[in-house]
Amino acid sequence: MFSFVDNRLLVLLAACVLLVRALDQEDIESGLCHQEGTTYSDKDVWKPEPCVICVCDNGNIMCDDVTCGDYPVDCPNAEIPFGECCPVCPDGDGTSYSEQTGVEGPKGEVGPKGDRGLPGPPGRDGNPGLPGPPGPPGPPGLGGNFAPQMSYGYDEKSAGISVPGPMGPMGPRGPPGPSGSPGPQGFQGPSGEPGEPGAAGALGPRGLPGPPGKNGDDGESGKPGRPGERGPSGPQGARGLPGTAGLPGMKGHRGFNGLDGAKGDNGPAGPKGEPGNPGENGAPGQAGPRGLPGERGRPGAPGPAGARGNDGSPGAAGPPGPTGPTGPPGFPGAVGAKGDAGPQGSRGSEGPQGARGEPGAPGPAGAAGPSGNPGTDGQPGGKGATGSPGIAGAPGFPGARGAPGPQGPAGAPGPKGNNGEPGAQGNKGEPGAKGEPGPAGVQGPPGPSGEEGKRGSRGEPGPAGPPGPAGERGGPGSRGFPGSDGASGPKGAPGERGSVGPAGPKGSTGESGRPGEPGLPGAKGLTGSPGSPGPDGKTGPAGAAGQDGHPGPPGPSGARGQSGVMGFPGPKGAAGEPGKSGERGVAGPPGATGAPGKDGEAGAQGPPGPSGPSGERGEQGPAGSPGFQGLPGSPGPAGEAGKPGEQGAPGDAGGPGPSGPRGERGFPGERGGQGPAGAQGPRGSPGSPGNDGAKGEAGAAGAPGGRGPPGLQGMPGERGSAGMPGAKGDRGDAGTKGADGAPGKDGARGLTGPIGPPGPSGAPGDKGEGGPSGPAGPTGARGSPGERGEPGAPGPAGICGPPGADGQPGAKGESGDAGPKGDAGAPGPAGPTGAPGPAGNVGAPGPKGTRGAAGPPGATGFPGAAGRLGPPGPSGNAGPPGPPGPGGKEGAKGSRGETGPAGRSGEPGPAGPPGPSGEKGSPGSDGPAGAPGIPGPQGIAGQRGVVGLPGQRGERGFSGLPGPAGEPGKQGPSGPNGERGPPGPSGPPGLGGPPGEPGREGSPGSEGAPGRDGSPGPKGDRGENGPSGPPGAPGAPGAPGPVGPAGKNGDRGETGPAGPAGPAGPSGVRGAPGPAGARGDKGEAGEQGERGMKGHRGFNGMQGPPGPPGSSGEQGAPGPSGPAGPRGPPGSSGSTGKDGVNGLPGPIGPPGPRGRNGDVGPAGPPGPPGPPGPPGPPSGGFDFSFMPQPPEPKSHGDGRYFRADDANVVRDRDLEVDTTLKSLSAQIENIRSPEGTRKNPARTCRDLKMCHSDWKSGDYWIDPNQGCNLDAIKVHCNMETGETCVYPSQASISQKNWYTSKNPREKKHVWFGETMSDGFQFEYGGEGSDPADVNIQLTFLRLMATEASQNITYHCKNSVAYMDQETGNLKKAVLLQGSNEIEIRAEGNSRFTYGVTEDGCTQHTGEWGKTVIEYKTTKTSRLPIIDIAPMDVGTPDQEFGIDIGPVCFL
């Protein structure tokens, strides 16, 4: 009989060995039970409710209620655990049943043998298995050159798909290039197709024991046991307590006579009476001595059962009874009280190894039961003796990261790679050390002819000979002495470009270029054909354990087992004392080979191997694009003089050099013989005058000569006296505009303005040279965790978990009877691995297995041969503009522009949004070119661009090289089915079943031993750089797989550390000469060569520049006065002279205008009495001004002297002043309240509306720039709103066909004023206005307005203006061009879009229609509109016209 622990171990072993295989439904055996959608196997026990327990018996369900009355609970706080029926005491306080002792009842029959108990706790971890065989080949590697695949179909103008030509023969291998810096990380590639499954590896040896697990929760009750055999009779019990009084016994024997009584009085003798009644019993006498034992009486009838006596001491074990027949399974009994633990039995002998059973069919999936509450931990027991190694436990959580291991040894040198792509042109290297002097250069061309020597001193005058005849040309004279070198002439014009010189020697390798930006991800290529399996690689390190798989469905019920062992286990007893260690068992047979381990992760990169042998010569690469001009090198040493060169072609004549120094006086030549007379030469220039000859005799008087030519102009005569002033001339015509004045001096430097808004993105500059790599930045802060990755593939089924810790030792049980010999025991734990046995014979090949699941991807294959250069791919999408780089050095200051009108100084506002482009100023004169600025520091890297669109699907790649065939596996023939033996050792894990439903989350287990490495999951988003981990063990290289498609480019990786330099390889074959390098910097002048021989006479030089001015000649004699010149222009006004002395009084002027009537004067003196007459007027002052004045007697010539009492004159003066004041007052009033007339224009219509709110809308004159009113313009004022509306110069454009396209199907926007013949840009200002004046006034209007609007009406015939009714979109809508040259569209950014109030140009009807376009904006610089560009024009039947509305500012 097994103990309960053994029983649990058996169940645990069976659970670990179970292979989950998917079988068809028809394989499921009958005998199952179904209840509420759940299927139970035969003999399954379950509790549908806590107080109901059911059992499945060959398809029948039998249920019974659980009663709790037999075990009353005696504690104050009893509780019913979750899922249980009966109350229990929480921590053992109180008693769970009363301790009244009853009479011992009769012994019950032995119960039936119980079913197998629940699985026990998992054993400890086993030792780590041996490494598995190498995995199958990895996934295909990255693709090669995708350019040919991506180029098809992109060029819209190509005549068809360009088909690549046949591949040329592979050129000889070039020498290895320098290692480039690591390229950017590629984007994650799509998952490869699953590979074929790898061969199963050998089973590893048993692992080391894991640490003891936590005590498991109590298992559910086991199935009810079958009735046991009848036990032997128990020993006699102890004496019971006295029984209750029995019933009265039967009548006893007659007693002895009593003693005589005292003598009574003598009575009279009576007659003999009847016998009297018996007397009462006398008092009992004293007990007599004990008599002899009597004979044994007959057994009486059994009395009623007495109360239960105390338990007797155990008797000796009786002999075993015969085995009873197996009874039917009883209902589960109530849980019995826990018995004491019996002593450990001796170890049974080792049973034979059973044959491996066939895997059972999987049973239907059971419903997941509710998760029980975790029990409280028990008290820790005493330390037990070391147990035998348990079954390998489940992998624990990964341990803490170990310290980094030591650097692994350098790997063997890898095979030589193909030539790398040529790197980008490196930066110019540092100037080399001074070279050895080069060989002598070729002889230079002959120098310019020397200057003539000094003129010799004058010879003695010879006698004058008679003129001879002209002589023949003399032979060449003997060579003269060379003249001294003249100064070099000015530099000649540059010659034509010489032919390309021979290629220079190959330069040293430049530094690696910066890695390019990540390319667009290539399309997924077709899957290559799988390579044949490679040889087994070395075992990789164990991967991390995968997560526990979901529980598989229960298997089908097995064949009916033998009778079960003990019945239900009782509740958990208190922990017993630790038992003694058992003897060491016999070593078991070696276990079967374990499944292969998972491939390890790739090891850390080894150091670079030694340099490979030199490759063959590579084909000449295409010429690289010329690099940027390098900085000038340091000057080299002077070369040696060159060898004399061949005679060069005569150069262009140089300009005459400056005069050389005067030569030394030459030796006088020998006198030559007289030559024959030459032909008459041209008249020589007059010789210098000879010395005076002897005075001749006086000749005869000559005839008078003719009139000589006028002499040279004489010196100016002395200044004449001022003439009389001339009459006043007519007003001259307006002069032409003077030339621009010289630029004024630079003004004082202004205050630094606020930082302007960022300008618009410039056009992309040429790619700058790669800067040097910056120093590695500090490790960044840990990034936030990445997004949750895709769930990983289900891990392999975990191995069984470790067994729980030993429970407390139970109380000692009663000794049982010695049982019969038990069945063969479960196989013992595996002993230590034995020495390997001799190799068995190769078995016959087994039947072909089913196709395995796809294996993990193979390793990257060898790179294929480099393909031919494909046609260029299409341009990628433009990246987002980078941030503006820092400004260059300040250029030289331009010339000063024209002075603008002074603005009012405002408070400095905050920096506004970027202003509109200003009107194009007249260009300033070009300033001198500034020195090139030093390059600015590299700008901050822009944000990462969005991931590009995937490229086109690439062509199918070439198949990878087939790997060498693997060795055939050894597989024996399948043996005959043996009888069902005891469970064998743990088999290899089966194929993964389908994932079950996820279970409820369990309580966390204790920390396990570090698990094996898991297979790598799919790549997550790039995290921040973590701390560097320890290097993994290097994996064996896998067989090369086919080349896979290129992954997406990942984020650019950080620059890796430089590997150790390998030893230098042998020199490669000399390459073909490369393309000519960029022209080098000009070398320094060489040392002066030796003086060359005199060259041939050069050609006549070109006319030299005028020489420097000679020294002033002597003052000539004054010439005669010339005729008077024409009258000069009037001179500028002189400065004001000093005040002159007061002049004489002028003549009396003419009389002034008549004064106004004076006020009434004071009363005159009384007149003399008049003659009597009619009554006169009332007395009062008369105005004598109307009376004729007698002539004054004091007239004095023309002058007239006023007297203070001459009232008329005073009045005239007052009237004049008054008129002037009134005029000034009116002018001031006009300034304050302008009238909008041409003479008195307002500034804007808004001003007019504010001053004259009752005026009506109409045309008025305005002068926004104020100042002189000659440039005022006529506008329309809307007096309701205050808008100022400026009319166009030409308000309508005639309706006709304005444009016919050469290619009508190619629709594009065509600007009316810029492209169409006879078109023009729109101007504004109404009739008679100067467009230049209007533009200035519009500039001021825009400054004073906050809003502008304008309408344009587009008349159409068969031309779409806005909405295209056929397509329902705005693709054919017209474009408008604003004053600041910005384009205003129908759709897009709402700030640059116009609307329409009427749209009658939506389709081609052959009739005229119109669309009214309206644009309103707060960016006043965009209006007025100056051009329009329709798209739907170009055919002869498409016509349009335009009405241009006024532009209105508010």
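Including glycine, each Cβ sits where the backbone N, Cα and C put it.
Per Swiss-Prot, region 'Disordered' is recorded for 97-1201.
The compositional bias 'Basic and acidic residues' annotation in Swiss-Prot covers 106-116 (among others).
Residues or ranges marked as 4-hydroxyproline in Swiss-Prot: Pro176 (among others).
Taken from Swiss-Prot, the feature compositional bias 'Basic and acidic residues' covers 215-229 (among others).
Marked as 4-hydroxyproline by Swiss-Prot on the basis of similarity to another entry: Pro320 (among others).
The 4-hydroxyproline annotation in Swiss-Prot covers Pro362 (among others) and is backed by similarity to another entry.
If you look up Swiss-Prot, you'll see 378-387 (among others) marked as compositional bias 'Gly residues'.
According to Swiss-Prot, the feature 4-hydroxyproline maps to Pro422 (among others).
Here Swiss-Prot flags Pro437 (among others) as 4-hydroxyproline.
Sequence annotations record features per position, and here Swiss-Prot assigns compositional bias 'Gly residues' to 471-480 (among others).
Annotated 4-hydroxyproline per Swiss-Prot: Pro482 (among others), in sequence order, evidence recorded as similarity to another entry.
Sequence annotations record features per position, and here Swiss-Prot assigns 5-hydroxylysine to Lys491 (among others).
Swiss-Prot lists 669-678 (among others) with the feature compositional bias 'Gly residues'.
The feature compositional bias 'Gly residues' is assigned by Swiss-Prot to 702-711 (among others).
Here Swiss-Prot flags Pro1010 (among others) as 4-hydroxyproline.
The compositional bias 'Basic and acidic residues' feature in Swiss-Prot is assigned to 1079-1093 (among others).
Counting other Cβ atoms within 10 Å of each Cβ, the lowest count among the binding-site residues Asp1263, Asp1271 belongs to Asp1271. Of the listed binding-site residues Asn1265, Gln1266, the Cβ environment within 10 Å is emptiest of other Cβ atoms at Gln1266. Of all the Cβ atoms in the protein chains shown, 8 others lie within 10 Å of the Cβ of Cys1268 (Ca(2+) binding site). Under DSSP, Asp1271 (Ca(2+) binding site) is assigned to a helix (H, G or I) in the three-state scheme. Same-chain residues that are not part of Asp1263, Asn1265, Gln1266, Cys1268, Asp1271 yet have a Cβ within 8 Å of the Cβ center of the Ca(2+) site turn out to be Pro1241, Pro1264, Gly1267, Asn1269, Leu1270, Ala1272, Gln1337.
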